[in-house]
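Per Swiss-Prot, the features are:
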- GLU83, 109-117, 135-139, ARG161, ARG183, 231-239, 261-263: substrate binding site (BINDING)
- HIS109, HIS136, HIS231, GLU235: Mn(2+) 1 binding site (BINDING)
- HIS135, GLU139, HIS207, HIS232: Mn(2+) 2 binding site (BINDING)
- 1-51: transit peptide (TRANSIT)
Amino acid sequence: MTTAPVVSPSLSRLHSAPASPFPKAPVGSGAGVAFPARPYGPSLRLRSAVMAASGVGGNGSPMAPEESAVSSRLGEVKRVTKETNVHVKINLDGTGVANSSTGIPFLDHMLDQLASHGLFDVYVKATGDTHIDDHHSNEDIALAIGTALLQALGDRKGINRFGHFTAPLDEAAVEVILDLSGRPHLSCGLSIPTERVGTYDTQLVEHFFQSLVNTSGMTLHIRQLAGNNSHHIIEATFKAFARALRQATEYDLRRRGTIPSSKGVLSRS
């Protein structure tokens, strides 16, 4: 004689699937589950406000432009002379997208470093009298980038203003210190051992930064700490510059809305 198993009422309740409080979506319909709305309390509002002000999302990643209350800072310059035709666009709040075609391959490579390590979106298109040499194109591109940077910074409210970074590249190491002060000054302490990297005249490195400083109105110090490979020294310089510029242009949460100067203004002198 077989006896039917006895199931405890409490055990039955334990193993039975509870009714879901959420409506079921039809299989294959692609409809999502409707979750009940949660109250948006003061603590959650405060946390969201802090994240928005600091440009950080809920997972700690940088916020996309649509998530942040701060609009992207953009600059665009077209410079046309009898020697060159230059078009530059820069987004200080970008993602590191580079689109450069300058007619100078090594300079394109360096502008890629500026975008990638600064997390700036950088667009540079240029044609010029490179059949003579790269001097005019190199200079006018830097002048246009500096002017676009000046536009993008606007009144400079809330930014860190200062940047400092040391970048190594194998045996080379270069330190960059900068101040978005409105006062153009360059001190360049590079010792590049060869006259050229590829077809690029290495004298043009200092001239590039001098031209950029002149139109952007920044104070820039470049100091070579080590290095004997010309390519490495120059690339470490651009990487350190990009990182320092990123620091200087990013927002200081405690200073949001105010100009980072004791005199209350940052302008070209």
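FYI, residue positions are counted from 1 along the chain as it appears here.
Just so you know, glycine gets a Cβ as well, placed from its N, Cα and C.
Location within the structure of each feature annotated in Swiss-Prot.
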| residue | record | CB count, 10 Å |
| --- | --- | --- |
| HIS109 | Mn(2+) 1 binding site | 18 |
| ASP112 | substrate binding site | 18 |
| SER116 | substrate binding site | 17 |
| HIS136 | Mn(2+) 1 binding site | 18 |
| SER137 | substrate binding site | 24 |
| HIS207 | Mn(2+) 2 binding site | 16 |
| HIS231 | Mn(2+) 1 binding site | 19 |
| HIS232 | Mn(2+) 2 binding site | 19 |
| ILE234 | substrate binding site | 27 |
| PHE238 | substrate binding site | 26 |
Looking at the binding-site residues GLU83, ASP112, HIS232, ILE234, which ones sit with their CA no more than 10 Å from the CA of HIS136 (Mn(2+) 1 binding site)?
GLU83
Of the binding-site residues ASP112, SER116, HIS207, which sits closest to HIS231 (Mn(2+) 1 binding site) by Cα distance?
ASP112
Sort the binding-site residues GLU139, HIS207, GLU235 by C-alpha distance from ASP112 (substrate binding site) and give me just the closest.
GLU235
Express the distance between the Cα positions of ILE234 (substrate binding site) and HIS109 (Mn(2+) 1 binding site) as a whole number of Å.
11
If you compare CA-to-CA distances from GLU235 (Mn(2+) 1 binding site) to each of the binding-site residues GLU83, SER116, HIS135, HIS207, which comes out shortest?
SER116
Nearest-integer angstrom distance between the alpha carbons (Cα) of SER137 (substrate binding site) and HIS207 (Mn(2+) 2 binding site):
11
Which one of the binding-site residues (GLU83, GLU235) has its C-beta surrounded by the most other C-beta atoms within 10 angstroms?
GLU235
Of the binding-site residues GLU83, HIS109, ARG183, PHE238, which one sits closest to GLU139 (Mn(2+) 2 binding site) when you measure Cα to Cα?
GLU83
Collapsed DSSP category at HIS109 (Mn(2+) 1 binding site):
helix
For HIS135 (Mn(2+) 2 binding site), just count the other CB atoms lying within 10 A of its CB, please.
16
Compare the C-alpha of HIS109 (Mn(2+) 1 binding site) with the C-alpha of each of the binding-site residues GLU83, ARG183, HIS232, PHE238, and give the closest one.
PHE238
State the Cα to Cα distance, in Å, between GLU83 (substrate binding site) and HIS135 (Mn(2+) 2 binding site), rounded to an integer.
10
Quick one: Cα separation, HIS207 (Mn(2+) 2 binding site) versus PHE238 (substrate binding site), in Å?
13
Tell me which of the binding-site residues SER116, ARG183, PHE238 ends up closest to HIS135 (Mn(2+) 2 binding site) in space, Cα to Cα.
PHE238
